[in-house]
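K.L.:
Dumping the structure here so I can ask a few things about it.
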Amino acid sequence: MRVCTDSITERKNEQTNEDTQQHQRNNAPQQRGEPAARRTRTLQPAAARAMGNAWKQKFVPYFESKVRVLLLGLDASGKTTLLYKLKESSGGKAGEVEAFIPTIGFNCEQLNVNRTTFVSFDVGGRSPIRPLWKVFAEGAQALVYVVDASDQYRLDEAKRELEYVLGILPPKAGLLVLANKSDLPDAATKQEVSTALNLSAVAASRPHYIHETCITTGDGVPNALSWLAKTLSISPIC
Ligand SMILES: Nc1nc2c(ncn2[C@@H]2O[C@H](COP(=O)(O)OP(=O)(O)OP(=O)(O)O)[C@@H](O)[C@H]2O)c(=O)[nH]1
Ligand SMILES: [Mg+2]
């Protein structure tokens, strides 16, 4: 049996499921230079699968949608604002922004626009539902990754999370990065965000595009989403 000091494996579970190992690698507090006190528990893969199946009931529009788009980003990057902006600019064609807040405490939302369903949740190294992401990633045609370009201290965290998500996303799924909050004076440019995320390397094998946005005013959003619509060969999203 492997010897590991991580709290997750302290349960002495001999399961060597790939999800769990991947989670441990990415979540190891020592690797993030954090004290042991901040360690968190996570779902076991079997529990995640069971919960994933239960969630499929809540997210029927997403799983039955012709076009599935994941909308991810660190907390406070602008995901919810974007969903409401999409709803507003769809001229009444979009569905409701449906929010689910499961007891394990993270936000999840979905929105239908023109037979395209967006499902959104926070990504963060300590997310206890990380093994669940696969349920949503499988079958996703694209990922919209929202980055708070004004929060330059967290660009590295945004990079790590993006790498993890790209690892579970279908290989041909497109990637649209929004360098958001470009209206703020200290916001990184799209070139700086691209470099910080190492975009040309991590997304080399898939269609990708980065655009500066100010989601609150809508600046840059139509241009960015028209790239997405073109890449997905669907009618304009907004
Ligand atoms: N200045 C500025 N603020 C923005 C922009 N986009 C979003 N915000 C603000 O950033 C804050 C967080 O936005 P949300 O849309 O709630 O972010 P989120 O990613 O859904 O965050 P969580 O659900 O908390 O994880 C809100 O106060 C927004 O008004 C932008 O382009 N510029
Ligand atoms: Mg939100």
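Glycine is treated like the rest: Cβ placed from N, Cα and C.
TrEMBL does not curate its annotations; it predicts them automatically.
From TrEMBL, for reference:
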type	residues	note
REGION	1-41	region 'Disordered'
BINDING	G73, L74, D75, A76, S77, G78, K79, T80, G125, N180, K181, S182, D183	GTP binding site
BINDING	T80, T103	Mg(2+) binding site
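Tell me about the surroundings of these features in the structure.
P.N.:
In the three-state DSSP scheme, S77 (GTP binding site) is classed as coil.
In sequence order, V97, N107, E109, S120 constitute the residues six or more apart from T80 (Mg(2+) binding site) in its chain with CB-CB distances below 8 Å.
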K.L.:
If you draw a 10 Å sphere around the Cβ of G73 (GTP binding site), how many other Cβ atoms fall inside it, taking every protein chain shown into account?
P.N.:
26
K.L.:
Going through the binding-site residues G73, K79, T80 in sequence order, which have a CB under 6 Å from an atom of ligand 2?
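P.N.:
The qualifying binding-site residues are K79, T80.
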